[in-house]
Amino acid sequence: MPYDHISLLTDYGTADEFVGVMKAVIADLAPHARITDLAHHVPAYDVRAGSLMLARCIQYVPRGIVIGVVDPGVGTQRKAIALEIAGGEGILLGPDNGLLAPAAGMVGGVERAVVLNNTALHLPAPGVTFAGRDIFAPVAAHLCSGIPFDELGDAVDADLLMPGLVTLPQIGDTEIISEVTWVDHFGNCQLNVGLEDVATLLSGGSLLLSLVVDGVARSATITTAFGLIPSGGIGLVIDSYGMLAIAKDQDSAARDVGVGVGDQVVLRAGEASQVSTAVHIGKKSTSE
């Protein structure tokens, strides 16, 4: 059964014609296909941010094709690939740079993978720097018109593709060293820990933790809604993806606490004390 839906996630922005041209190519080749814009303001060149955004989206997109383009290596030796996922219910198209891997992992992994080297399915390209228009959009349209997956190009071992980079928290008995993985439009700072990760720090039914950033400790209560955070205070909200996020009620926690993506935040049990050990903000190296 051909696909009839294509979801798009890119770092192209909306000031230029890039996204519109991709959608025009799809409409020309597969006019019946519906298109959903997931996001086009992934920070430029930030493959990791794009991969995490795509992973957050993947469980909610309808059956069909997802094009992900955050592609600083476009035109180089990096491969353009297609990944079949979820028993054939979905196909991910994008560069082999780790962008697609976390999303594939969220839905059970890759079942088949091909390199998009069947140029008969591509547009003639004046240059090599716009794979979104010349490769990914027409391939998606051809899939919606019934082209079989294995005609897209040569099969490749999924285990040999570029993995995604996801930082894991360091969980100890008395503290957890976490990392800010995402700061949203409102200034909420998602951490790479869930409620189950901090269970060992919560004793006697207390939901109070201290978070330490650059040697400064702040008390934060775990809560389920922004409106339950005390006025002027800091909360750790269980966000819409089940992760803990540093938040304030109708204010930017990122600005107040002074953290951004990649910064470390130490979580400790109990209320913040006046004296704390310095923990300097720094960018952590990522691991698979």
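Placed from the backbone N, Cα and C atoms, the Cβ positions cover glycine too.
As recorded in TrEMBL, the features of this protein are as follows:
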- 6-153: domain 'S-adenosyl-l-methionine hydroxide adenosyltransferase N-terminal' (DOMAIN)
- 179-265: domain 'S-adenosyl-l-methionine hydroxide adenosyltransferase C-terminal' (DOMAIN)
For the domain 'S-adenosyl-l-methionine hydroxide adenosyltransferase N-terminal' (6-153), residues assigned helix / strand / coil by DSSP: 55 helix, 35 strand, 58 coil
Local confidence of the domain 'S-adenosyl-l-methionine hydroxide adenosyltransferase N-terminal' (6-153) - pLDDT mean: 97
Three-state composition of the domain 'S-adenosyl-l-methionine hydroxide adenosyltransferase C-terminal' (179-265), taking helix and strand from DSSP: 16 helix, 39 strand, 32 coil
